[in-house]
Amino acid sequence: MPPKFDPNEIKVVYLRCTGGEVGATSALAPKIGPLGLSPKKVGDDIAKATGDWKGLRITVKLTIQNRQAQIEVVPSASALIIKALKEPPRDRKKQKNIKHSGNITFDEIVNIARQMRHRSLARELSGTIKEILGTAQSVGCNVDNRHPHDIIDDINNGVVECPAS
């Protein structure tokens with residue numbers, strides 16, 4: 001027999017899903033079925049919570065306590081950059097591996113770095129800013145109409161000042 005269900009126990013489940021869509025509930029079922037939750041209801045809740053992130057792959061953190069699920073969106077750096085580009089959502093099924101040829105400001109990069117600061121491995125904010133610039137390079141966008149790696153070189157040479165915190 002399984003152990004008795006403890007109503008105060010908190011379980012945390014991380015899921016990758018596409019924003020604004022109800023993922024296949026068959027994928028949710030093995031993860032949250034044993035915790036006494038309905039996969040269909042949780043799928044609808046996730047779709048509602050990720051409405052702002054339409055068409056982007058994001059991580060969702062489910063905190064489950066007493067058969068209630070709290071949903072928290074944990075966006076990746078690339079998802080934040082693509083959202084900052086303000087591109088219209090594209091059809092995932094038609095286009096794969098899209099290069100985003102937009103342009104964002106250095107201030108937006110700094111804001112994204114501040115949001116990602118707690119998850120970064122860098123010691124200072126300037127290191128986190130360089131991480132985000134590297135991600136911007138991978139996404140394929142420009143920063144202040146320049147290639148992101150040129151800005152990284154400028155930060156290393158002291159030409160561009162990074163905020164302290």
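Counting begins at 1 with the first residue displayed.
Just so it is clear, glycine is given a Cβ too, placed from its N, Cα and C backbone atoms.
For Lys40, the entry in Swiss-Prot reads SUMO2 cross-link. The ubiquitin cross-link annotation in Swiss-Prot covers Lys48, Lys83 and rests on similarity to another entry. Residues or ranges marked as phosphoserine by Swiss-Prot: Ser38, Ser165. The N6-acetyllysine feature in Swiss-Prot is assigned to Lys54.
Positions of the features from Swiss-Prot, shown on the structure.
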residue	record	CB count, 10 Å
Ser38	phosphoserine	16
Lys40	SUMO2 cross-link	12
Lys48	ubiquitin cross-link	11
Lys54	N6-acetyllysine	14
Lys83	ubiquitin cross-link	18
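A straight line from the CA of Lys40 (SUMO2 cross-link) to the CA of Lys48 (ubiquitin cross-link) spans 12 Å. Here the C-alpha separation of Ser38 (phosphoserine) and Lys48 (ubiquitin cross-link) works out to 16 Å. Note: the CA-CA distance between the residue listed as 'N6-acetyllysine' and Lys83 (ubiquitin cross-link) rounds to 9 Å. In the three-state DSSP assignment, the secondary structure recorded for the residue listed as 'N6-acetyllysine' is strand. Each residue contributes its Cα atom, and for Lys48 (ubiquitin cross-link) and Lys83 (ubiquitin cross-link) those atoms are 17 Å apart.
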